[in-house]
Amino acid sequence: MSGRRDADGPSEEAEASGGEVTAAGPGDGVLAGAVRAKDPAQTDDGAAGAWRRREHPARDPEVDPAHDPAVGAAERRFRRQAAVVLAVLAAVILAVAAFSTPWRVLAAGPPDPARDFTAAEIARAQAFDAATSLPSYLGLALTLAFAALLVATPFGAKVLGRLKGPWWLRVVLGVLVLTAIVEAVRWPLGVWFETLLRDYGLSTQDWAGWTADRLKSLGVEAFLLCLMLLVLVGLARRVRRWWIPAAVGACALTVVMSFLYPVVFEPLFNDFTSMPQGSLRDNLLDMAERDGVPVQDVLVADASRRTTALNAYVSGFGATRRIVVYDTLLKAPQPQVELVVAHELGHAEADDVLYGTLVGALGAALGAVLLFVVFGAVRRRAGVTSIADPRAVGVVMGLMTLGSLIMGPAQNVISRHVEARADVHALDLTRDPATFIAMQKRLAITNISDLSPDPVEYVLYASHPSSPERIALARSWAELNGVPVP
Ligand SMILES: [Zn+2]
């Protein structure tokens, strides 16, 4: 998410992948069987829909434009306009990403895990990676399969065609029903992943805590989806060129969510306290001042009630910007904690969260326009003629999932460069590559990071350079800056 820059924990990605990557699955057989009896293509708004059709034929949100030549011509014109806007937006995003990404921070030597990690540490990382790969890839495959099912078949329209009530209620219920189906398949994979985390000593949660966390994440996800889809379907029912306000709305929602994320969503999952008075706090605030980054406070999250992993991050921007360290990190030697915070100051100074949010907001706008363009191509297969139809919730959710899966690797490429820049910032600020390397080793060993991710994992999941890459960067920095190479 663009609202947050994780500092250092590849294993937090692994942890998150239990929830995020292991996502969806094909619909459950009982439900699919139950809806087959009735053809939802026949269900509509009933009398109310018919009335609208007579009174306002050109504005009927659920009329199939392909069946009305005048509406069809207008639709084609709108689609051409949308395609032009789409091309312009894509060019702007590419240009912003190309110019704001620090492509060449510092040329680092080749990574060499064997130089800094013992054979046992490497073997443990490989074993953990092998064990978690299966649920991760299975989750990814199920996510893709479910999204494809929603986009390329009338499954979603059929399930949602069973729902009754006003359109807004059917949108809300549609989101809840599809989220529940996805989660029914995701849940066992999540349990599997959590069991592995416990086997390897990374999780400190019991099942009650794990379940509560998972339900809260689901609640947030479903709430945001409902909000987006209510606005989208509502716009499509009123405005022919709904993609214009939808793009503006998606843009605004991304900025608002990223701004509110630290104060609205993070407290749902963790308690945050000011770092206690003492030499660590003084040193961190001194360092921030030296760095020219205004920081009033460093917050400590009670992550230890969930995990043993180490991490820190910057989230929010402007008035909500904050630097957070996990309480698990505070057991590390003080100079190592300072190095982690120095990395976070690098994010703060470069306004990485704000830039990420702006690129994300443009991406969200592009997504809204793309939805308008692509929907015409998939609506027949998906069995829904218009976004104004609440049954379109399924195909929209499927397209959103596919869109975010496709964009993931591009986001990772940018993220890895941004992370490398924050690492160089930490080295410039502390001029202490030896502690930097010690800290990287601690992070990698504690979080059981993948020390040599294969190309597929790297492309799909690596938001940070690998630990050996970060260590190689520190050595190159030392050579360049005339500091003894650790
Ligand atoms: Zn970072």
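For all residues, glycine too, the Cβ spot is worked out from N, Cα and C.
Please treat TrEMBL annotations as automatic predictions, because they have not gone through curation.
Residues or ranges marked as region 'Disordered' in TrEMBL: 1-68.
Under the heading compositional bias 'Low complexity', TrEMBL lists 16-25.
If you look up TrEMBL, you'll see 57-67 marked as compositional bias 'Basic and acidic residues'.
Residues of the same chain lying 6 or more positions beyond the ends of the transmembrane segment (82-103) and with a Cβ under 8 Å from any Cβ of it are 241, 243, 247, 355, 358-359, 362-363, 365-366, 369-370, 372-373, 410, 414, 417-418, 420-421. Annotation source TrEMBL lists transmembrane segment at 82-103 (among others).
Per TrEMBL, transmembrane segment is recorded for 137-155 (among others).
What TrEMBL lists as transmembrane segment is 167-189 (among others).
The transmembrane segment feature in TrEMBL is assigned to 217-235 (among others).
Per TrEMBL, the feature transmembrane segment maps to 242-264 (among others). Residues 1-4, 78, 82, 85, 89, 224, 227-228, 231-232, 235-236, 315-318, 320-322, 353, 356-358, 360-369, 371-372, 387 of the same chain sit 6 or more residues outside the transmembrane segment (242-264) yet have a Cβ under 8 Å from a Cβ within it.
Take the CB of Glu419 (Zn(2+) binding site) and look out to 10 A: across all protein chains shown you find 27 other CB atoms. The DSSP secondary structure for Glu419 (Zn(2+) binding site) is helix. What TrEMBL lists as Zn(2+) binding site is His343, His347, Glu419.
Cβ-based neighbour count (10 Å, all protein chains) for Glu344 (active site) stands at 30. The feature active site is assigned by TrEMBL to Glu344.
Here the transmembrane segment (353-378) has long-range neighbours at 1-5, 75, 78-79, 82-83, 85-86, 89-90, 92-93, 96-97, 100, 151-152, 232, 242-243, 246-255, 258-259, 314-318, 321, 347, 387, 392, 395-396, 399-400, 403, 407, 414, 418, meaning same-chain residues at least 6 beyond its ends whose C-beta is under 8 angstroms from one of its own. Look at TrEMBL and you will find 353-378 (among others) tagged as transmembrane segment.
According to TrEMBL, the active site, proton donor annotation covers Asp423. For Asp423 (active site, proton donor), other Cβ atoms within 10 Å of its Cβ number 29.
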Candidates His343, Glu344, His347 (recorded positions) - the one closest to Asp423 (active site, proton donor) by CA: His343
Surrounding CB atoms that lie within 10 Å of the CB of His343 (Zn(2+) binding site), all protein chains: 28
Neighbourhood of ligand 1 - recorded positions from Glu344, Glu419, Asp423 with Cβ under 6 Å: Glu419
Other CB atoms within 10 A, centred on His347 (Zn(2+) binding site): 27
